[in-house]
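Engineer: This is the structure I have questions about; it appears just below.
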Amino acid sequence: VCVCVCVPQFLHSPTSVVFFPLAEQEKEPKFWNTWAQRTLKNALTLETLNRNTAKNLILFLGDGMGVPTVTAARILKGQLNGQSGEETQLEMDKFPFVSLAKTYNTNAQVPDSAGTATAYLCGVKANEGTVGVSAAAVRSQCNTTEGNEVTSILKWAKEAGKSVGIVTTTRVNHATPSASYAHSVDRDWYSDNEMPADALKDGCKDIARQLFENIPNIDVVMGGGRKYMFPKNTSDVEYPGVAKHSGTRKDGRNLVQEWIDKMRNKRGHYVWNKKQLLSLNPTSVDYLLGLFEPADLPYNLERNTETDPSLTEMVEVAIKILRKNPKGFYLLVEGGRIDHGHHEGKAKQALHETVEMDRAIGQASLMTSIHDTMTIVTADHSHVFNFGGYTVRGNTIFGLAPMMSDVDQKPFTSIIYGNGPGYKLVNGGRENVSTVDYQDSNYQAQAAVPLSMETHGGEDVAVFAKGPLAHLLHGVHEQNYIPHVMAYAACIGQNREHCFTSSGSAVLRPVLSSMATLLTVTRILC
């Protein structure tokens, strides 16, 4: 049998044509008309909806990845490949369905990452600063926890027999990942060291402890946060003698060793560096705990490529382990340091983090099929980040606008923040950016209002979706709608009646057999 290997037209990137500098063909109406007609033809193929049952679910969460960040990262990706950038396609741009999510918390117009995580993981909007609890819980008040706990789609998937995983570039007990397993009225209760005495007395548990106790046997956990797992003053394995990286736990527990002991006969492996991670044979690993830093992982631009795994590398290993389960898997992937870059006013760090997450999305796409895997890419919230200034085509995204300010007669960068640490006065006026290295990785872009940390933005965020029933993510929705769609597509959690007839047989179409799928895909794509 001869099987042709080709790429579907809707995945063709217009970057196959080099636009930089301006290509002559762009001056011809035929070029744009042809491109638009090709796009229209591809869009018409979506009239046949994918109504399969989702065996696998993947959620990519770009923390702080508002629409301006997506656009700027798209340009950066193209420019890193020697192109103009604007015409480039991100991996998430290739997803056929896009909608908007309203991000507000129940008590906040401009949200935080904890309340939003509770929404897109647990299906319930919540107060800022709280994870895995309803809006009836009050931040930092331990006695409002009990009775207000809400469960996550990760738990729903685990209860349905699927393998589940968490991969993040932040601490594994940070706001986003913690909402998938913890119930805490304060996102900052990383270990018992960060908790007030009255909360401990009232019986509240720190988030690190909940990672290992709330949902038994989470199959894959990778990220940072090592110090929160070890007894106070225990020297870190990677940074011995560095006090700020030492263990924090007051209860004397070594949560990592407890995990190792528990998983000793269950093909469980603990790793803390890239070499250990990549030396694993995923076929012989059923459980993986990877803690690669005492706190958050380094920015991708500052990552030691010999010792620190990239997000893409972690995602690849995670999927290889999780996909062995015949019932499928659920995987949460967070590009968590996009947010940190923006908070620090370091747009270059934030955008490179976004590009790296997009690489991870591409890797996941290579390892899964749209026939049985629903993949969603979204953000928890935006930032007061933007770019403008009438820059010319192909202008480096970190470059200057092509004109001086007509008020203070000084140049300005295209990228700018509404507030943040980049606000600087020199001799009573705005700093002249031509006197500093605004291309530096840690340059803090100018801001309109001085703050030690830049703030979140309150506008809607994009939701990109592909795979079974991805068309249900359309229009403008509340953020807590997302896990309900994912659960519906996978026949887990509540609302499973649509999955079966009165006789008990499945209503949603199961995925075709491997050979049938191959032949079908071959016909469609070739």
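Cβ coordinates come from backbone N, Cα and C, glycine included.
The following feature annotations were taken from TrEMBL:
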ACT_SITE  S113  active site, phosphoserine intermediate
BINDING   D63, H174, T176, E334  Mg(2+) binding site
BINDING   D63, D339, H343, D380, H381, H456  Zn(2+) binding site
Engineer: In the same chain, which residues outside the set D63, D339, H343, D380, H381, H456 have their CB within 8 A of the centroid of the CB atoms that define the Zn(2+) site?
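Structural biologist: Apart from D63, D339, H343, D380, H381, H456, the close residues are G64, D112, S113, I338, H342, A379, S382, H383.
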Engineer: If you draw a 10 Å sphere around the Cβ of D339 (Zn(2+) binding site), how many other Cβ atoms fall inside it, taking every protein chain shown into account?
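Structural biologist: The Cβ of D339 (Zn(2+) binding site) has 29 Cβ neighbours within 10 Å.
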Engineer: What subset of the recorded positions D63, S113, H174, T176 lies within 10 angstroms of H381 (Zn(2+) binding site), using C-alpha positions?
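Structural biologist: Those near H381 (Zn(2+) binding site) - Cα within 10 Å - are D63, S113, in sequence order.
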Engineer: Given a separation of at least six residues and a C-beta threshold under 8 Å, show me what packs close to S113 (active site, phosphoserine intermediate) in the same chain.
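Structural biologist: Same-chain residues close to S113 (active site, phosphoserine intermediate) (Cβ under 8 Å, separated by 6 or more) are D63, G64, H174, A175, T176, R187, D339, D380, H381.
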Engineer: What Cα-Cα separation, expressed in whole Å, is found between E334 (Mg(2+) binding site) and H343 (Zn(2+) binding site)?
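Structural biologist: With distance taken Cα to Cα, H343 (Zn(2+) binding site) is 17 Å from E334 (Mg(2+) binding site).
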Engineer: Using a 10 Å cut-off, grab the number of neighbouring Cβ atoms around the Cβ of T176 (Mg(2+) binding site), all chains included.
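Structural biologist: 29, counting other Cβ atoms within 10 Å of T176 (Mg(2+) binding site).
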Engineer: At a 10 Å cut-off from the C-beta of H343 (Zn(2+) binding site), count the other C-beta atoms across all protein chains.
Structural biologist: 21
Engineer: Among the binding-site residues H381, H456, whose Cβ has the fewest other Cβ atoms within 10 Å?
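Structural biologist: Among the binding-site residues H381, H456, the sparsest Cβ neighbourhood within 10 Å belongs to H456.
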